[in-house]
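Only one structure is covered here, and it is reproduced in the block below.
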Amino acid sequence: MKNLFLFCRAGYEKECAAEIQQRAAEMNVGGFVKTTNNDAYVIYQCFEDDGADTLAKMLPLNSLIFARQMFAASELHSDLPEQDRVGPLVASLLEADVTKCGELRVETPDTNEAKELSAFCRKFTVPLRQGLKKVGVLLDKENGRRPIIHVCFVGPGKAYVGYSLSNNSSPHFMGIPRLRMAADAPSRSSLKLDEAFGAFLTKEEQEMRCRSGLKAVDLGACPGGWTYQLVRRGMMVAAVDNGPMDEKLMETGQVKHYRADGFRFEPPRKNIYWLVCDMVEKPSRVAELMEAWAINGWFKEAIFNLKLPMKSRYKEVRVILDTMGEIFKENEIDYRLQCKHLYHDRDEVTVHLWIFPEKGVSYAEMG
């Protein structure tokens, strides 16, 4: 297939397009982007007939900042006949030799206009699933190890059809995790950290590295949205902020409130596992703070937000992440770095930093 379909947040098409253009070029998969502002998706059209297949297989989705989900796609079906919408979509998959898939997702971009098609998509899934099973494109039973068929309706009668590989795909419909806001969470920002843990760590990794007894620091904690997520996972938290903290959080006995500036705070003990930070500040300044903590060896893993500028957002993030990498190498710090524009992020990205990952969890245990 020649087209790579990428879901993103509406308004971030340019960033998603710039990123896929750069990453595809690094992999020698030539092509060009097609996108429209606020459509919430980007098409990367490859010059080679199998270019999108290469990207769907070899370009890790979790290495992309602005794409929520991606799949190798056909050309746009721009006028699907009302009397038979199934036939052309099935034919496209057969022509591309897509068979024995384990799941079907009929989706739309994440815009109010496209979501008006959601009811139709749910109804259409039934006859489409039957049609795909009949010709062997879809297995009779769901199989989480097989490719996933995607049909994305971008308008009435207009759809892209294709596939993603189960080991390089978001497990979530449209790439959007469905998280519930806890009634006792101090603020909606709590969902950002909840989503971040799920985005950057598997369930098994969370059980090992987000467990009860670990020490954590939350810089810029007030009123406690991010602290809440650490507390509910059983951690002991130093909440750093000049503002007031949520009373219920303080009553848990797991939080110590330091009335201080997050940029000047130094932890009294250095057995911290998690450092989290969601401060409204210049992204370069937050990055420098994380670099300083890493060089001092004050934490093991960090999740922090970088607020984005109005222009050149992808370029700015790329420069900051590359600079962090250079500084860590200069200081002989082994690290892993991931960055994602999460669903619950707005004009910001969330970064996960893991320092000396080969050392494991033990040295930062509560002691």
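The first residue you see is number 1, and the count goes up from there.
Using N, Cα and C of the backbone, Cβ positions are placed for all residues, glycine too.
Quick caveat, the model's predicted, so the values are computed rather than measured.
Cross-referencing Ser189, Ser212, Ser312 against the S-adenosyl-L-methionine binding annotation in Swiss-Prot, which names Cys222, Pro223, Gly224, Gly225, Asp241, Asp261, Asp278, picks out Ser189.
The highest number of surrounding Cβ atoms within 10 Å, among the binding-site residues Ser189, Pro223, Gly224, Gly225, Asp261, is found at Gly224. The maximum pairwise C-alpha distance among Ser189, Cys222, Pro223, Gly224, Gly225, Asp241, Asp261, Asp278, the residues recorded as binding S-adenosyl-L-methionine, is 20 Å. Pro223 (S-adenosyl-L-methionine binding site) sits 19 Å from Lys307 (active site, proton acceptor), counting Cα to Cα. Mapped onto three states, the DSSP output places Asp261 (S-adenosyl-L-methionine binding site) in coil. Cα of Lys307 (active site, proton acceptor) to Cα of Asp278 (S-adenosyl-L-methionine binding site): a span of 9 Å. For Asp241 (S-adenosyl-L-methionine binding site), the Cβ neighbour count at a 10 Å cut-off comes to 22, with all displayed protein chains included.
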